[in-house]
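Residues or ranges marked as domain 'DYW' in TrEMBL: 564-656. Annotation comment: TrEMBL describes 44-74, 75-109, 180-214, 249-283, 350-384, 385-415 as repeat 'PPR'.
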Amino acid sequence: MRNSGVSSDGFTFPLVIKACTSVGDSKLCKAIHGHVLVSGYQFNLHVGNDLIHGYGKMGLMDDAITVFDKMSHRNHVSWNTMFSGFAHNFDCDGAVKMFRLMERDGLEPHLLTWTSFISVHKRCGLHGRVIELFRDMRGKMNCSTGEVIAVVLSSCAELDKFQMAKEIHGYVISGGFQDYMFVQNSLISVYGKNGNVEEARNLFMEIKIKNLVSWNALISSFADAGFSDEAHKTFSQLVNIHDGKLRPNVVSFSAVIGGFAAKRKENECFAVFREMLHFKVHPNSVTIACLLSLCAEVVALDLGKEIHGYSVRALMDKNILVGNSLVNMYTKCGAVMDACSVFDHMDNRDLISWNSMIAGYGMHGLANEALATFREMVKLGSKPDVVTFVAVLSACSHAGLVTEGRKLFDQMSSEFMITPDMEHYSCIVDLLGRAGLLQEANELTDKMTFEPDECVWGALLNACRIHKNTEMAELIKSRLNLESEMTGTYMCLSNIYASHGRWEDSAKVRVAAKTRGLKKIPGQSRIEVKKKSYIFSSGNSFQSGLDKVYEILVDLCPRMEAEGYVPDKSFVLQDVGDEEKKEILNGHSEKLAIAFGHANIPPNFPIRVTKNLRVCGDCHNWTKIFTKVTEREVIVRDGRRFHHFKDGLCSCGDYW
């Protein structure tokens, strides 16, 4: 057209600007803008509005504002387009300034203006403000749009304001919005997030023509409420729809994977992941992070490495969410050096990255590395939060770094303006107690501005057990409310009495716990062999045909005793004979798991075991001697930390 000598006008330019916007070519859009200026159409209302829209869509809000400011005449479309641009670019401050400017100019916001203005707050995560603005809009306009209702319902779900969501549901019916599909989908989500899955299902069934968002909303409702099997059943129904249009997407698969992951059903979780790849649906960073989180919880290192490999091939390993999940997975699976490698190669780090690495070092007893990482974090300008201090104080506790721990505890409030909460007090009490400073730890509980919880009392009682201080335990008992639901404190107190042969006192505490309906958590150890999990409970190796485990332990006995292993019967907290005590010790779950691993894992691979409770002193000593006798490496993750056993030594230095 230009080569033919035909001039552009107020109808031509908007069409070309829209084309530039559609293909996202900002350079070409600016060139067209230049032609607009040369041709004198910069004051044309339609041209100006389309330029604002184009610049906003391409993230060039400064250019959009410049066009808006120079317009000689604006209509509601101009203002609404600006608000849409701010919403698209998550610029809440810009939207607020524009709204105030609009009010100052005496222009009443239209429904579309309110819709865009409320949407930008939702996109910025300001859910409370969304609800306030909705009330303002209703007060001034006495009406709404379906889009706004969907946005507000979503914010209600995020804020757990279910009662308000129900009120809005009533407004949906009275206002005639019940046939708006995006409103129906939002209602399904808000009822599902509240755990009211039956109502979510009923709303889903009322939709005459369901789209993929409807199906995903119902699947997510079941998954979020903990009904992973129902989520998968609904997902399967979606898969079996053969109309060529409705096919599960990454949201569908991720919801089911997340539901199974929350229930720690790793086999089902990875089966859905393989199905996802079969459908040629590409996982996103959320899917990968969910899978890695599951690998971390069930200590599935081999599967975690496979997911890591996939993320590299899919060019997702540089994603910060995936990177953080890899650090978490490797540290919780006992491969702290692999976690360190991932951390060192991250292009960007956020607070979660630093916290994960500090916590990872702490779990493995590498307190100096944790402190060095904390100092580097502060030096580079990242501000620590409450989680950071829990991680670094816990690291000091695991290594007995009392001076450093005290200093950090003081720095929390004096330098970083963070008020210590229950977890921080629990860490510092544990640190002091383990170091034998029981009196100082007890005095610290007196200075707390709130009532100590089970974790604080448990840390102090555990210190009494370690240092065999029955007098302090009796003092703590007098301060405890034994009408509480603190299962751990009951058990710890009972064990302290038992270790001193006070069987009657121990029995009284256990009876009190039983009367309260509290049950002792049985010791369990988990080991993965050839991508299959095996769980051992104390005193029970006869599960799934694993009856040969005791034979392995018996065969090891002479060699273990030759290297100096003597069963420490003080860790049997039952009033029975010596021979029965030996039998009980031999049946501890981690010993069963290690023996099974010794028989089924090649010698050049470490034996990795996860235990739900703290490893006892006898098992700790037994495992050290086991690694010396068998020349194997054993990595145990107990309820508190990691123990790396090799050549008769443990990484904890016998301080745990």
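Each residue's number is its place along the chain shown, starting with 1.
Yeah, the Cβs are placed from backbone N, Cα and C, and that goes for glycine too.
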Checklist entry - What is the number of residues in the repeat 'PPR' (75-109) that are helix, strand and coil, as DSSP sees it? => result 26 helix, 0 strand, 9 coil
Item to check | Cβ-Cβ under 8 Å with the repeat 'PPR' (350-384): same-chain residues at least 6 beyond its ends | outcome: 320, 323-324, 327-328, 330-332, 334, 336, 339-340, 343, 390-392, 394-396, 398-399, 401, 404, 416, 418, 637, 641-642, 644, 651-653
Checklist entry - Apart from its near flanks, which chain residues at least 6 from the ends of the repeat 'PPR' (385-415) lie with a Cβ under 8 angstroms of it? => result 351, 354-355, 358-359, 361-363, 365-368, 370-371, 374, 377, 421, 423-424, 427-428, 430-432, 434-435, 437, 640-641, 652, 655-656
Checklist entry - Any residues 6+ beyond the ends of the repeat 'PPR' (44-74) with a Cβ under 8 Å from its own? => result 10, 13-14, 17-18, 20-21, 24, 26, 29-30, 33, 36, 81-82, 84-86, 88-89, 91, 94
Checklist entry - What is the pLDDT of the repeat 'PPR' (44-74) when averaged and given as a whole number? => result 93
Next on the checklist: If we skip the immediate neighbours and take only residues 6+ beyond the ends of the repeat 'PPR' (249-283), which ones have a Cβ under 8 Å from one of its Cβ atoms?
Outcome noted: 212, 215-216, 219-220, 222-224, 226-228, 231-232, 235, 238, 290-291, 293-295, 297-298, 300, 303, 310, 314, 533
Checklist entry - How many helix, strand and coil residues does the repeat 'PPR' (249-283) contain under DSSP? => result 26 helix, 0 strand, 9 coil
